[in-house]
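Copied from Swiss-Prot, the annotated features are:
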DOMAIN    7-156  domain 'Ferritin-like diiron'
BINDING   59, 62  Fe cation 1 binding site
BINDING   59  Fe cation 2 binding site
């Protein structure tokens, strides 16, 4: 059944939103996996766990807001299976942060692609919706992850045995 509120909302935008919702839920799932790992009793890096749990919640909230937007525009939400994270264990915090950065860049690219579709389909409402807060927050998260990776690498070079502990306590704490 066609929506009575749908106006200037192209099917390509609708499909792109559904794909982005799935990617956001997958990202949330990956971050939750990281948080769970760092909260384990044999890892015990609670601020890493908190940092990744916050990323997980943020991605989940974004997915839910995208769903709400889809409904506001008269689109139809088609939830898909959420892919399991590729791994459950992480060698160290640096590896997890590097994986998170790669993931966040892929999320940002998906948002940029969706923005391009909306612009191509002359949907200024959707381009505006994506620009703030999603694209700006995504860039901020990429910067934060990059800064954390740089700081942890510097610590690692001067305090290899204590780097994760010090970073967990003083940077993330």
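Just so it is clear, glycine is given a Cβ too, placed from its N, Cα and C backbone atoms.
Neighbour list (residue 59 (Fe cation 1 binding site), Cβ cut-off 8 Å, at least 6 residues apart, same chain): 24, 25, 27, 28, 31, 107. In terms of DSSP helix, strand and coil, the domain 'Ferritin-like diiron' (7-156) has 116 helix, 0 strand, 34 coil.
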